[in-house]
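**Q** First the structure, which I've put down as structure tokens, then a few questions once you've had a look.
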Amino acid sequence: MNKETLHVIDHPLVQHKIALLRDKNAGSKDFRELVNEITVFVAYEATRDLPLEEVTIETPITTCKQKMITGRKMAVVPILRAGLGMVEGILSLSPAAKVGHIGMYRDEETLEPHEYFFKMPSDIEERQVFVVDPMLATGGSAILAVEALMKRGVKAKDIKFLCIVSAPDGVEALQKAYPEIHIYTAALDEKLNENGYIVPGLGDAGDRLFGTL
Ligand code: PRP
Ligand code: URA
């Protein structure tokens with residue numbers, strides 16, 4: 001595992017919220033709120049290196065030099081369904097970002113991901129792309145999502161992957177496939193079980209978010 005491109009957000013507030021999120025008794029409303037709140041912290045770290053430029057601002061008192069974000073515009077790309085739960089959190093930090101969607105489901109037997117939807121902003125290859133999905137398990141869905149974006153002209157260096165809970169297998173698989181992609185996660189868990197679920201994890205994120213258990 002390459003620690004240079006893996007960012008585990010272990011802020012005390014994040015650890016507290018992750019504990020609440022893992023609790024099997026948390027209902028959909030609480031689960032959605034917690035995913036949203038944790039995403040704000042993850043996105044805060046993932047946007048730490050956005051480039052700045054100096055600008056001149058006139059305050060009511062004087063003129064001063066300040067820094068504002070420059071460079072590529074942003075796009076948030078949730079992997080459906082569960083990724084949708086992270087969109088609002090990241091947009092609360094960057095309201096002007098455009099949103100592209102990738103629909104993907106994991107075959108429960110083979111654990112292979114299957115793409116069923118792909119709709120991006122027309123200038124996606126010119127944007128800094130934040131792919132969001134709460135769960136990075138085997139890494140299959142994340143890798144297929146990156147492949148689909150690269151087919152549309154997005155460079156791996158312009159992609160960051162944001163999740164809530166990750167497994168070592170998924171981190172290693174994504175890093176092996178795309179070493180330049182930085183991964184931001186609120187928790188790095190122990191392992192996958194025989195059904196491909198993250199342990200201790202939080203169960204099926206999509207079902208818990210949308211109440212389809
Ligand atoms: C979940 C999750 C990820 C994927 C992770 O989605 O949201 O997309 O599994 O697993 P992987 O790393 O092994 O590919 P799922 O296929 O359950 O679809 P859903 O979000 O529609 O429930
Ligand atoms: N997808 C989920 O929603 N949860 C897991 O633990 C693994 C994949």
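All positions are counted from 1 along the displayed chain.
Using the three backbone atoms N, Cα and C, a Cβ is placed for every residue, glycine included.
On a predicted model such as this, the values are computed, not experimentally measured, just so you know.
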**Q** Given TrEMBL annotates R81, R106, D133, P134, M135, L136, A137, T138, G139, G140, S141 as 5-phospho-alpha-D-ribose 1-diphosphate-binding, which of D23, D204 belongs to that site as well?
**A** D204
**Q** Under DSSP, is S141 (5-phospho-alpha-D-ribose 1-diphosphate binding site) helix, strand or coil?
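**A** The residue in question, S141 (5-phospho-alpha-D-ribose 1-diphosphate binding site), is helix (DSSP, three-state).
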**Q** When you measure from each Cβ to the nearest atom of ligand 1, which of the binding-site residues R81, A137, I198, G203 fall under 6 angstroms?
**A** R81, A137
**Q** Given R81, D133, G139, S141 as the binding-site residues, which ones have a Cβ positioned under 6 Å from some atom of ligand 2?
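**A** Going through R81, D133, G139, S141 in sequence order, none turns out to be close to ligand 2.
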**Q** Using only C-alpha positions, which one of I198, G203, D204, A205 is spatially nearest D133 (5-phospho-alpha-D-ribose 1-diphosphate binding site)? These are the binding-site residues in the record.
**A** A205
**Q** Please state whether DSSP places D204 (uracil binding site) in a helix, a strand or coil.
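**A** Looking at the DSSP assignment, D204 (uracil binding site) belongs to neither helix nor strand, so coil.
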